[in-house]
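According to Swiss-Prot, the active site, nucleophile annotation covers ASP9, on the basis of sequence analysis. What Swiss-Prot lists as Mg(2+) binding site is ASP9, ALA11, ASP183. Per Swiss-Prot, the feature active site, schiff-base intermediate with substrate maps to LYS50; the stated evidence is sequence analysis.
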Amino acid sequence: MKIEAVIFDWAGTTVDYGCFAPLEVFIKIFRKRGVKITDEEARKPMGLLKIDHVRALTEMPRIANEWERVFGHLPTEADIHEMYEEFEEILFTILPHYATPIDGVKEVVASLRKRGLKIGSTTGYTREMMDIVAKEAEIQGYKPDVLVTPDDVSAGRPYPWMCYKNAMELGVYPMNHMIKVGDTVSDMKEGRNAGMWTVGVILGSSELGLSEWAAETMDPVELREKMEVVRKRFVENGAHFTIETMQGLENVIEQIEKQEFIIS
């Protein structure tokens with residue numbers, strides 16, 4: 001089997017180590033309304049279209065109960081849209097600072113292109129958000145061949161439509177000749193739903209939730225334990241392979257191409 005293309009996620013996978021840009025904004029918009037949410041809660045829906053992310057947070061039982069305690073009713077669609085508008089406003093001001101390619105990404109992408117592979121991408125950000133991120137990432141040396149956002153299709157993750165549109169624009173078929181690489185549960189579901197080889201990257205991921213400094217200075221045993229939790233979570237949600245860093249991707253490609261794996 002010949003792999004012809006790789007579809008990467010953005011924040012937490014190729015840029016923004018740890019996926020911190022949206023995290024603090026989600027926490028802030030709820031805190032402003034007297035509802036405290038944890039980092040873990042804020043990260044759980046990561047990878048979804050951002051308004052869907054806000055909606056998913058309001059549907060978490062603990063958060064919904066806390067909201068009802070504060071306001072006397074459960075969150076409404078009007079509440080969700082109000083928070084999302086505020087989320088967008090804040091996020092736009094900080095996005096340029098969270099578009100730095102993660103170490104190793106540019107080198108791996110260059111190597112993949114030398115092998116003749118095409119590079120696509122999907123995201124949970126809107127097109128307007130990605131106009132900012134993609135422009136800054138390109139200045140810093142990272143530019144995929146194709147970028148598809150939820151605005152470009154009928155629905156974002158976990159639906160496979162962004163991957164299908166990548167396939168069409170890249171001119172690659174069948175889908176099992178492509179790999180989806182991401183750092184969230186929704187990435188794994190997106191890739192599997194699209195019938196692609198699906199790979200979860202652990203270090204720098206939203207699922208791990210550590211800054212580069214925290215990962216480098218953490219006790220190695222503790223870090224390994226946290227990474228194993230993320231690895232299992234990826235596999236439980238459909239990952240065919242997991243890699244610690246992007247540098248492990250080419251080994252995955254070689255494994256797929258040398259053996260007759262069947263996507264199940």
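If you go along the chain as it appears here, the first residue is 1 and each next one adds 1.
For all residues, glycine too, the Cβ spot is worked out from N, Cα and C.
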Secondary structure at LYS50 (active site, schiff-base intermediate with substrate), reduced by DSSP to three states: helix
Recorded positions compared (ASP9, ASP183) - highest count of Cβ atoms within 10 Å: ASP183
Cβ-centroid neighbours of Mg(2+) site ASP9, ALA11, ASP183, 8 Å, sequence order: PHE8, TRP10, GLY12, THR13, THR14, ASP16, CYS19, MET46, GLY47, THR123, GLY182, THR184, ASP187, SER205, SER206
ALA11 (Mg(2+) binding site) in three-state DSSP notation: strand
Count of other CB atoms lying within 10 Å of the CB belonging to ALA11 (Mg(2+) binding site): 30
Sequence-distant neighbours of LYS50 (active site, schiff-base intermediate with substrate) in its chain (C-beta under 8 A, six or more apart): PRO22, TYR84, PHE87, GLU88, LEU91, GLY124, TYR125, THR126, MET129
Rounded distance in angstrom between the Cα atoms of ASP183 (Mg(2+) binding site) and ASP9 (active site, nucleophile): 7
